[in-house]
Amino acid sequence: MEFMRRKMKTIVFLNALGTVIWCASPRCDPGDEFFGRFCKEPEPEKPKCVDIMMNYCDDMSYTHTMFPNILGHRTREEAELGPEYLLLSVVHNLLNGECTPDIRMLGCSVLLPRCEKEKVLKPCRSTCEAVRKNCRHAFEGIEMAWPYFLDCDRFFVSDQEGCYDPLEGLRVTQEEDQASIDNTFEEPHTVIQFSYQSNAQMNSILKKTAARCPEIATTYSIGRSVEGKDLLVIEFSNNPGVHELLEPEMKYIGNMHGNEVLGRQLLIYLTQYLCSEYLLGNQRIQSLINTTRIHILPSMNPDGYELAAAEVQGTNDPENEEAQNHYSWTLGRGNAQNIDLNRNFPDLTAVAYSRRRHRHFRSDHIPIPDAYWFDKVAPETYAVMKWIRSIPFVLSANFHGGELVVSYPYDLSKHPLEEKMFSPTPDEQVFKQIARTYADAHATMSGNNSERCGNFGSIGQDGIINGAKWYSFAGGMQDFNYLHTNCLEVTVELGCDKFPAEEELYTGWQDNKEALLTFMESVHRGIKGIVKDADGNGIKGAMISVRGIRHDITTAENGDYWRMLTAGIHIVTASAPGYTRAMKKIHLPARMQKAGRVDFVLQKAVVETDIEEDYNIPSMGTYERFDPYNQFERYAIREQNQNREERQEKPWWWSYFSRAHGSAPTWLLRID
């Protein structure tokens, strides 16, 4: 009996002990309830506010955060090992100091969200959107996608949802710094960094400039180079992106030859100058931009520039004495296909010469010969041709290096056996006036004692020269502008050194700044007006002819036109198929500061035979026809894509992430 009592006590003790052990276990196994065993999972510990302990986020306006964070990182260690934090740690170097610390602090507000009273607060969407608007161009400049964790709609909330401004502390510091600057400088001024930029940095500057002056500037791409780089244009106007009635349009093109770089740099500086001076209230710049639509393409040949820049960098290496004597005058001149872009345009000059004896000969709007498309057309050339056909440009200059002179059409000698033969256009006097405008405003170009480089023979001492008299070549861009469109273009040679040292860039800017501005202002010389029908509707494509100048220009979409002319008396005629002609005698005084207004009203009429012939010269084709067999799209674009695939490499900044642990952030790679 005693034995049985001890046995029962032992069983009760073991059951009690088992119950204690069982319930002490943090884990419940399947089937516990079946055996009558009941236990309770311990409640997980609630997240608490913890101190911020990350070096690159220690300057936030708050001191506590919480894990898991908005991105799902469970611990500080996990967040520190992620590519998001790695990006924030190197973003200053990636963007060359631009938009930092704004980007870094915005990212920190997602990685380490603000924590108050054991509750996470999300950053404001409005702050994110403002930073994205001002800084997206910086990422595009280095060909990097906008980071996914800075998605304003995904990780940020509105003011109504109780957000906070993650840049609050930064704004206080910036206001203090600005107050200090305001007290230091009494007069505002434009600050330009006179140094060379990579293609990515150049595009970043253009986009940053447009973002700084959105009311007067915008950027757009006209196409891509062989290696896929954007041919980026920045436009200045009081209504950017829109052609305004009677507002003339002009363009500047730099770096057509990749190793001739001063023009590229001057145009980059010019964009910054125009934006800053407009904001500072410079009346001259404001008047220029408010009355003119200005297009600037700093680099027509970004691929060639990269090759030339790499070569020059090697020659400047003090430890590489052999390379210092190796730099070539031609390396990087052509594009990535080694095509000289200033020999790649259709040779319309030879076409014009061959038709000089025709009764109704015209040296304007000559169509592109079909045979041209069966040769190799560079994508850069194709892009520029489409560009200048799509906008009614009036005036243009393209910038080169190797001499100090302004050259004007024609570039091809009128006699095939004469290499240096004076070959004027019908607008010889107008071109001389245009060329002198730049040369005379330049610090040294037109002076009798100015240095001449002598690389292409004697060019005289007045700073301008007819191109064919200097040296003859076919397929040039300025001849194409003149013979295919309304645009009058000259070539500006900026000096003997094609790739000057950085310390010479400031001098180059000072020598050319006034000339750049004066040349743009000269687009307002001559006459302008509107050609309308009896009902007041503008007539597109009407011809404006000037007696004694066998070169007509045509009206734009809404019937407006611009005709550059020298001072004096001119007989001007407007005509169009299906309308009677209208003629006016005008007098342009010397030193006239703006274009004279000359409008025409044309009456409907039956087309006369002789007028019809003017518009249908035998074998001249139709001006509107462009790439008739789609040759470029069929062959050149395909080859361009193949070359791009062969050269496809990760961006230069990829090395920052390739050595990191874990998966590389492919979300930073742009998908075009």
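Each residue, glycine too, has its Cβ placed from N, Cα and C.
Computed from a predicted structure; not experimentally measured.
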Cross-link partner of CYS128 (disulfide, per TrEMBL) out of CYS99, CYS108, CYS152: CYS152
DSSP-assigned states of the domain 'FZ' (44-166) in counts, ordered helix, strand, coil: 57 helix, 15 strand, 51 coil
Inter-residue C-alpha distance, CYS152 (disulfide bond) and GLU493 (active site, proton donor/acceptor) (nearest angstrom): 48
Lowest local Cβ density (other Cβ within 10 Å) among disulfide-bonded residues: CYS128, CYS152: CYS152
CYS128 (disulfide bond) versus GLU493 (active site, proton donor/acceptor) - Cα distance in angstrom: 46
All-chain count of other Cβ atoms within 10 Å of GLU493 (active site, proton donor/acceptor): 26
